[in-house]
Amino acid sequence: VLVTIYADYIAPLFDKFIPLPEGELKQQIETMAKSIDFPLTKVYVVEGSKRSSHSNAYFYGFFKNKRIVLFDTLLEDYSALNKEPAEGENGENEQTKSKTKNKKQGCKNEEVLAVLGHELGHWKLGHTVKNIIISQMNSFLCFFLFAVLIGRKELFAAFGFYDTQPTLIGLMIIFQFIFSPYNEVLSFCLTVLSRRFEFQADAFAKELGKAKDLYSALIKLNKDNLGFPVSDWIFSMWHYSHPPLLERLQALKDAKQE
């Protein structure tokens, strides 16, 4: 419910959401959504370029009321960096105009569809529902263990509370200290799971015939988002919820060559 409230009422306070105009891209998005039974109702473009050059796309909504949101930085036709400045605007000289014109950002329509194919793969494969279930199970487990441990006098005595057992202190001790090893293990497991989901979503886009376009889109997005393509595999396995660029490209490479 909070996700829907945020998307419908809070996010528009900070960014401008406009419906994607009728055209080839919107028609292709609707066709792809229909092909996998995605209950698409609206497609929006958000003016994210006003606060960041980061490119992204996402969907939200419950049941049969799904909506897709595209950042304007994801689209070549909407990116502010690709628009030619008005002649004489702010006293810009020809060199500055040329530099702005040559700095391309965003993806072509086919690449945008490939990125959406990846995002819709998360929906089709049930990744969002699985993450919600895992989150609720973890919350239940944490509060269950809290209920078990909050009555242990030795726990408070270890921190100098011999005669009293303040609930707030117990909350801090249990969640900050007792759960610390558990949180590290859980964080690692969730990172591994997230990376697995990302590879599965890429594979789903590949099954839609978008491997070649996703390959090029990932390179462009990594460049636009100032990502660093090289990382140590152990470090990335522990810290990165998304696989590094080169690992994702390698997984797509065979299909791209075909």
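Every residue, even glycine, has its Cβ placed from backbone N, Cα and C.
TrEMBL entries are annotated by machine, without manual review.
Feature annotations, reproduced from TrEMBL:
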- 19-254: domain 'Peptidase M48' (DOMAIN)
- 85-104: region 'Disordered' (REGION)
- His118, His122, Glu198: Zn(2+) binding site (BINDING)
- Glu119: active site (ACT_SITE)
- 140-162: transmembrane segment (TRANSMEM)
- 168-193: transmembrane segment (TRANSMEM)
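Here the CA atom of Glu198 (Zn(2+) binding site) lies 9 Å from the CA atom of the residue listed as 'active site'.
Least packed by the Cβ count within 10 Å, out of the binding-site residues His118, His122, is His122. Summary of the Zn(2+) site environment: with the site residues His118, His122, Glu198 set aside, the chain residues having Cβ atoms within 8 Å of the Cβ mean position are Glu119, Gly121, His127, Phe197, Gln200, Ala201, Asp202, Phe204, Ala205. Take the CB of Glu198 (Zn(2+) binding site) and look out to 10 A: across all protein chains shown you find 21 other CB atoms.
All protein chains shown were included, and the count of other CB atoms within 10 Å of the CB of Glu119 (active site) stands at 18.
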